[in-house]
Each structure stands twice: as C-alpha cells, then as structure tokens.
Amino acid sequence: MTVKPTKTNFHKFSNLGHFISDPRLEVKKMLTKFETKSNRVKGLSFHSKRPWILASLHSGVIQLWDYRMGTLIDRFDEHDGPVRGVHFHQSQPLFVSGGDDYKIKVWNYKLHRCLFTLLGHLDYIRTVQFHHENPWIVSASDDQTIRIWNWQSRTCISVLTGHNHYVMCALFHPKEDLVVSASLDQTVRVWDIGALKKKSVSPADDILRLSQMNTDFFGGVDAVVKYVLEGHDRGVNWASFHPTLPLIVSGADDRQVKIWRMNDTKAWEVDTLRGHMNNVSCVLFHARQDIIVSNSEDKSIRVWDATKRTGLQTFRREHDRFWILGCHPEMNLLAAGHDSGMIVFKLERERPAFSVSGDSLYFVKDRFLRFYEYTSQKDTQILPIRRPGSISLNQSPRTLSYSPTENAILVCSDVDGGSYELYIIPKDSITRGDTVQEAKRGVGGSAVFVARNRFAVLEKSTNQVLVKNLKNEIVKKSALPVVTDAIFYAGTGNLLCRAEDRVLIFDLQQRLVLGDLQTSFVRYVVWSNDMESVALLSKHSIVIADKKLVHRCTLHETIRVKSGSWDDNGVFIYTTLTHIKYCLPNGDSGIIKTLDVPVYITKIFGNTLFCLDRDGKNRPIVIDSTEYIFKLSLLRKRYDHVMSMIRNSELCGQAMIAYLQQKGFPEVALHFVKDERTRFNLALESGNIQIAVASAKEIDEKDHWYRLGVEALRQGNSGIVEYAYQRTKNFERLSFLYLITGNLDKLSKMMKIAEVKNDVMGQFHNALYLGDVQERIKILVNAGHLPLAYVTAKTHGLKDYAEDLADKLKGNVPSLTSGRTSSLLIPPTPVLCGGDWPLLRTMKGIFEGGLDNAGKGGNEEYEDAADADWGEELDIVDVENIQNGDISMVLDDEEAAEENEEGGWDLEDLELPPDVETPKTTTSRSSVFVAPTAGMPVSQIWVQKSSLAAEHAAAGNFDTAMRLLSRQLGIKNFTPLKSLFIDLHMGSHSYLRAFSSAPLISLAIERGWSDSASPNVRAPPALVFSFTQLEEKLKAGYKTTTTGKFTEALRLFLSILHTIPLIVVETRREVDEVKELIIIVKEYVLGLQMELKRRELKGNPVRQQELAAYFTHCNLQLPHLRLALMNAMTVCYKAGNLITASNFARRLLETNPTAENQTKTARSVMQAAERNMKDSTQLNYDFRNPFVVCGATYVPIYRGQKDVLCPYCNSHFVLSQEGQLCTVCDLAVVGSDASGLLCSPAQIR
C-alpha cells in the first residue's frame, strides 16, 4: 500500500477575516459522563439499547466501552492501519467497520469475532453505516465512490459514482430512500436509491419481473443523483440529514457549517454558520433538541441554535483536535472523538427541578410550574416561568423550594452565574395563567426557605447568607463558618452548608454549628419525614447521618446515584441510572427493581413509588418491599414479623440465604432451604446437630460425615462423633475417641477388629492405649520383631515370655541397661468418662419453636435425629431399639467369614444388624441443648474502640496498627517495630493451662482494672511500654553520651524513637511532653550519627572538621554541648583552621564551663588565633548564617533554602531526599503526608 498525503494538508487559509465568532458565545465545561484516553479516535457509534459505544482508533483497534460503568468490554484489532468508520446495527448483535486497509468488516460482538470481510474499494474507507431497515451497508471511500452492500448475501449491490475527489462521508436517510455524501470536490450530493429498494423487493406479477430481468440484463441505474449542493469553498468533510425535517447540514475545510433545505424537486442553501477557526471535521443535528453540534480541528465543539442559527455554546480542549461526533439515537447523549481519546457528554441537565410538600409535588416542565397531587394523581399547570434572556444552554431551573403556608415558591437556576426568582402562587392556581407573573428576582448561589415567610440566599462573593422576606428585602446577614458553595434546608431556621469536603448544619438564629461531617462532594440532600435522618447523595456514594450529622453508614455505588426518598419504615430508597435500590439503617443495601430509563424519586406511599422521568412526567411504580422489610425486621429484632413473613412470603434464593448467614441467622435460613447440602452447611453453622445428621444421612458422603464429626466433637457430643466415624470407617479416630472418653470395652473390640483386618499398627496402637503388655508382645512376635518383643517382656517383668523369646533368639539376645526402674505405661483416666459433655439448657429460640410448630408436617424427614438424647451410653441393644452400633459393624460379612475360616479371633459376640440407626434421645421437643453464643473477643473490642496504634498492636491486629502509623506518622519501614509489636501483644495477654489435654486459655490484661469495675465494660489493654520507661532510657542515653560510648548511646536514643509511636499517655500535658521528647532524641541521634561518621573518616580532614562543626549545632544538653564544642575546637585547631577554632572557643567560654581545663584550653586557642587569624582550608560551614543539618547528607541547609521534613521526627532534609526513608528515625518517608502523632485518648476526645 502506498502512503498518500492526508486531506488536511491540502488547503490552508491565509485570510481569517471573514469568519465571525459571536462575542457573547460562552466557553463552558461540558457535562462529561465518560472519558477515555487512547490513540486518536476516528469513528464512533452508540448502541441503540445498551449503554455501549464503539470507538475506532487511528492505531487500527476498535474498542467497545460501557460508558455507564466506565469499563472496556472488548477490543477488536484485525484491521491493518487506521479504522475511520464504525457503526452498530439497530437490532442485530452486529457492527461494521471500514479502514485504511480497503476492507469492510462485519463483526458479531456476542461471538467476539469478525464474521466476514467485504472487498471492493480501492482506497481508504472513510465511513460505514447500516441501513435502518434493509440488510444494507453504505460505505464512502477515497477511491471517489460510494458503495452499497448487502450484508446477508455479502455482495456489493450498487456503486455510486460522480464525485471527483475523496468521498469523506456517506449516510442513509433515517426514513426515506436517500443517501447524502460529502466530498473534497467541494460538493454535497443527495442520491435517490428508491430503484434499488424496489429491486430488492420481489415483484408480484410476471410483467414487473420481466422488466426487472431486462434491467438486470441490459444494465440499469439503481441510484441516481437527486441534488448536487454547491456552496462550500473547500473540501466538505461531513454531511448529515435532519432526523425528521427535509434539512441537511454540512461542514467543510472552509471552516463553515452550512444548512440546506430540500423538497421533491430541488435543494438550496438556507444559511451559513461561521465561528470555527479551522477545518470542520463533523456536524450533525441533535436527535432530541432543535440544535446543531459541530466539531473541528480548531480543538472545539460548537453548539448552534438550528432555528435562530446562532452560536449557543463552545467547548474547548487545550491540545486535542476533534475528528468525529456521535449522537445517541434515543437519549440526550453525544460523543466526540479527538487526538487522545473520546468523551461522552450531555448538553443540558435532564433532572427536573421539584419540591415535595405533604401530599403534593411542585415541579417545572417546559418552562411551566406544575402541581401534582399524589392521591388523585392529577397533574395541573399553575403558572409560566420566564424564559431567560441568555443565549446559552443549561439555564433551566435547577432547584425549587416551597413554603406551604405562604404558597410561595423559589426557583433557582444558573442564569447570571446563579440567580433565583420568587413566585407567589395564586389561590386560583388551576387556571393556566398564560401571562408571566412578575417575579421577584435576585442573584445568589442557592436560595431556600428557612421559615414560613423567610428564605436564605447564599452570597458566594462574601461567603455569607442573606435572610430575606417575601418582599425580597434583606432582614438579616450571617457570615458562614466555612467557605460554602451551596446551601440546603435543614429544619426551621437551620441550613445545611456544603463546603468542598464536608457539610455542616448552621443555626441562623444562634449562629452556631450544630454538627458537621466530612464527606465527598454532596449533590443532593434528602431529609426523612420526621427530620431525624438525612441522606447525602454524591455522584457515586450515599452517606446516611442523623439530624446532628452523626455518621451512620456510607454506601458506595459504581453507577451514578440519581435520587432518593425515605419510606415510612425509615428505609432509604434510591435510584441509580439502572436500578431502584434500598439502604437499611445499618448500611445493608439491595436491588428492588431494574430501570429502563433513569427516574427521580419524589415520594413513597407504601409499596408505590412516585417519580419524575426526564420528560417531566409523573410515574407511579409499584415495588415489592418484602425483601427489605424482612431484613429490617431482622435488624430491629421484630421476630414476630419475621416469622409471619417466612410463613407467608416467597423469600427464597441464594442471596437471601447468604444474607442470613452473614448476619448470624443461619437457623432462619434453614427454613428456606430444600437442598440437602445447603441445609447441612447451615445446620453446622447454627450448631443444629439434629438437622445436620438427617442431611448427612441423605447425602451420605465421607466428607460430610467427617465435618459432622468435627462439629459434634466441638459440642462434646461423643455419641454422634462415634456414629460419624463409624459411617466413614475411620478406625484411628474411633480408637482415639474411645481412649479420651475412657471406653475401654470398645477400645478392646477395636483391637480385635484391627487384628481381623490385619492392621498390625492399628492393633499395636490399641494395645498401647489399653496398657495390654501381653497383647503387644504377641503382636510383635507375630510381626517377626522378636528382639522388640523380648525387650518389652523383660522391661515389664514378664519372665516367662522373656525366657521363651531368649530361647528363640539364641545368641542374639539384646542387652538392657541395668539399674533402671521401669513402670507400666497406662493411659490416664479421662476427666469425663463415657457420656456427652454437659450442655447449657436453654429454651428454643423464637425461630426454632415457632417455625417448627408452623411446619410440623415437614419434620418427619429428620425426626430420627431430632429425638436423640446423646448423653446416654451407646450400648448395643436389640433391633427394635437400635442406637449407635458397635464398632464391629464396619466389618464386611465376607471378610469376617474368611478370617473365621483361617482360625482367627472368635467374633460371634460382635454380630450386629445391618442397618445402624442414629442415636435416639428421650428429651422433650419443648427445649433443646444449645451451646452459648460466643461473645466478642476482648481484642476485637479494643480494636473497635481505639484509634491508637499501640492498642491495635496489643490486640494482635498488626495490620491496622501499621495502617494507623502510616497515616498518622508516615511510617513505611516497620522492621524496627516488629519486636515491639510482638512485646505489646504478648504483654497484654496472660495464658492459663486448664488441664493437660486442653489448649491454653488466653486472658486479656486490661489497663487500670479493679474489682469494682463492671464485667461488661472493657478497659483498654495494659501496655508494656510507658513514658516513665522512656525517661529512664533518656537518662541512660545522657550518661553513655557523657562517657563517650557513642554507639551504645545511639542505640538507646534510637530505641526511644522507635518506642514512642507505641506508647499511650493519659493527659494533654503528657502528649506535649512526648512530642518534646521526640525533638530532644532526634537531635541526639543526628549528632551521634555525624560524630560516628566523623570517626570513620580517617583520610578526609576537611569532612572531619565539617561534621565536628555541625555536631555543635545540634540542640544538646549543656555538658554535652561543651564536649562537642571542645571536640570541634580541637579538630579545627589541629587542622590549622584557627578562625573557626576560635569561634568554637568563644562559644565554649559563653557556656561558663565548670571544668578548669576546658576554660584554659579555650582561652589558649583564642590567643593563638588572635596572633594568626587565618583558616588553612575552606569548610562548608558558615557559623554566622543560621542553618539546620540534613539528616541524610550531613550538609547545612541555611535559612531561606527549601527543605523537606520527616513527618515523624521532624528532621530536615535537602529536597532530593523527598520520598526516601528518614535516616534519623529509620521509620518514616521524608516529605510524606501525615496527620500527626496520636498517643492519647484525650486527643480523640
């Protein structure tokens, strides 16, 4: 393929003078709904039903996006080179694409592949489009032709020739048999394809069929040029039809947009729209509004009034040229492709402004104020709202506020940057009122009624609220406590003020803040009917709070939240773009109904939800509230309601079962479930062994019996444990069960079974459990282990056995160590023999009792298990009254017969009936044994109640402790803190041993515990680190510093720095002391690090002097400062830097040293310097200019130079160290954001 010049290089304008841009035209930010970043977008197509858009890229890739979710669904990349045209089919799962590889490809997006390729064009393909009815595709190409293809027969059915330059665009008329095309030959052509349509329909009679055959044979014209529209001075890039009117709009390289009208015989130019400053790339009529949208290589999108033919609005990008526009066929959505991606946007908000008052709704539709009565569902027009004089879009009312007593309404809009109009609704409001009422107007960001005859207006410029009366006169002014960009009603005399990252309630009378809450940008505020709860709606979240803005819960949505209202039960019902959903007071949410189009909820009456759609029509929607009422009843513990709903409602489904499990009601979920596997899982979770046994018998799988045994063992129900092990033939576990329950009879039978099964190890283990030495000797002899058998017999004093074995061993008798006493290994007596563990007797819960009675007929299926009394001995009884079988039932009949023939053990006394029943019980159905519910672990209570990292570490929750430290102090390196975390956790717990076979019991140690404390109130954890310990360490550090043990001193000071984040103090004064300690220790760590570094440097005297000098500028205790000054003075003096040395001597004398030798040396140095005032080497040290030392590079940062700080220890660093680990504390990242040290409950209070 040859590379050719692009059409944009062909024509350049030299004269811009005659292009007119309306000076009043507003450049605004568009209502962007979705944006992508990608290669240049050359083609766009909206799906007619799904929220999808296709984007074809200059790179050859076609992307399929869900613009509502903001996700890439699929990508198709079979084209070689740019793809300039793409189009969805209206009803089939198809789309078509055309590219610079001369190929048209038809794809099935469900199959994720290309179905076929249409070949015929000889140059780049610019546009492709499906016909709305026929199986046709129209394509425009740089080969100067337009082709129409039948995608079912996969053939070209017509070639439209006539253009003499690249054809940039070809589109079907949405209703008629016409095609419009635009070309760089400066013309727009309209083609009549009526003959082609007739040809595609099979003729009814023979004469017509004959004429068609003649046409086919001798050649006929399927498509003819109807009009040639000439008027553009340069190549035309785009032309498109109006969806309903006989109009065409075109855009060209002459930077003009032209409107053309046509009738049956001719077409003519109507008007020209000027304003673009470069080639117009694409232009089209809006599908739902009387406007024209164009975009251009001048990096702008312009919106024009199609009636007045004036510019309305301009949207600009800084760096990206626009290439293509797409319009949704049914919704108010547009898309534009540019150099670095695409945007999906709207021109105007579609949410109608409304206000609910009692049983009525006031709303604005088509510039009329309307009244809707919920009970009668009657919609009445009240009065017209004036049309704003602005020439811009998006000037319709945004909010309404209604005063019922005065019958007054406030209408707020974005006109003039925010304004309001006050209307008094006439008493006879039924009349149409065609004459516009003279409203009282004013400028303000928002306006709401705050009392019967008072309303508040936000004056953004001064950040104050003006309270006005119904005459529009200012009654009062109040300055707001935060910078506010909107106000909402919050009860009489109160305002809810929205700031950038928070909302607060402001009392206008007392000028007090009644409550505030941090939240993302709030768009709408919905109060409950009793004004006790409020929902704050953001773009993708909902925050529920009480009337004082105390946070209750937050809900996040991936799809945009549109509206909401409270129902009578205190449940918040809200809509997203696609669903009606509910939010319970605890934050649980779910879907009520799926929506075809977005709606805005206004009021909820019982199961009827009233809402406004985007056309301003009131729609009552009946919803099924069963699910959320059921969950609400559970939440509020209204178990009578729950039982009633279980009996009478169809509340099944995996989602409901999962919800009940999650919320700790598996026993309720049991009543919904028929599937045995799910019943088994729920029964185990709720501890209902009876139902679990019944389900396990139905399922009869090894894994389920094993899990049943584990749960029964947890409850101490040895009968069911035995039964489960018998069903799975788990001999090892059975033997161990009999050992720990002291059932020696059955243990001896287990030994016989092992012998029959020829299981030598099992037989030996059982003999060991029983303490049967003779049996062990016999087993070892039979297994051929004569030396072991001899040792066993000799050790246990069985002389006869030992002598017999010695004879058999002859000369190979093993020797035993003499002088040792031996004792028989006997298993300990169990704490609890034979029976089940004692259980707490409780009455049946409301669910078990009530629901069992309700469904008695269905309980026979697990009656076997439900009547069990598992505390009885599991002795073998007759067939009529079978309980747990003897363990010998696991033998197969054939195996037993074979063993008996071989003269094995006599097992006649172990014969059992073939069917073994579950253990039975005689306990009455009125009450059951239920294990008490486990309480919340103390460590979990500590975590929930605290924001202190030390207390989280003490609770063992290291993950949250690290997150807290990272957020508060910017700590990222937790290696030095690992041992401290472990010490904290171990130190806040004690461990008790109950008896040898039981696990250790962990006990939490609480801070400040006393006998008088309530057992239900948990104190915070006792911590092993205290501020007093740190003070002792500080004194030890001072002492080692004085004696010159710098390495040990540095270790002590670093230990203090590492411990401080994990201590807790009680008072504010102590918090200040802790912060002061950080600064003190930090100075010593930095100074000692520099001194140790200096001592390592042997061959660099200049750097040695610098480090010694910097050490003297650390904030040290006076004795240590004197030593540092003495040290620096000595180093500099020896190196010949006398001026610098004399400075240190002077500073030393200023401290009035107590040691005589220090004073004497300092004076001698000063005298020597006065005789020879010079420095032999230049140091990076200016003692006249104040500075701090960089903690990493050890260089001075002089006053006025920029630096960065460690968020924890406040050490200073040069800018290049930002993002690196602090070398002083070795914990935090330099320059990271942190909220500050939190080490006391007093800081939180």
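Any Cβ shown, glycine's included, is placed from N, Cα and C.
Just so you know, TrEMBL annotations never went through curation; they're auto-generated.
Here is what TrEMBL says about this protein:
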| type | residues | note |
| --- | --- | --- |
| REPEAT | 76-117 | repeat 'WD' |
| REPEAT | 118-159 | repeat 'WD' |
| REPEAT | 160-193 | repeat 'WD' |
| REPEAT | 229-270 | repeat 'WD' |
| REPEAT | 273-314 | repeat 'WD' |
| DOMAIN | 369-613 | domain 'COPA/B second beta-propeller' |
| COMPBIAS | 894-914 | compositional bias 'Acidic residues' |
| REGION | 894-925 | region 'Disordered' |
Please spell out the DSSP helix, strand and coil residue counts for the repeat 'WD' (118-159).
0 helix, 25 strand, 17 coil
Folded-back contacts onto the repeat 'WD' (118-159), same chain, C-beta under 8 angstroms, at least six residues removed:
4, 43, 82, 84-90, 94, 96-100, 102-106, 165-172, 174-175, 179, 181, 183, 191, 193, 196-197, 200, 222-223
How do the residues of the repeat 'WD' (76-117) split into helix, strand and coil according to DSSP?
0 helix, 24 strand, 18 coil
Using DSSP, how many residues in the repeat 'WD' (229-270) fall into helix, strand and coil?
0 helix, 25 strand, 17 coil
Going by DSSP, how much of the repeat 'WD' (273-314) is helix, how much is strand and how much is coil, in residues?
0 helix, 25 strand, 17 coil
Let me know the model's mean pLDDT on the repeat 'WD' (229-270).
93
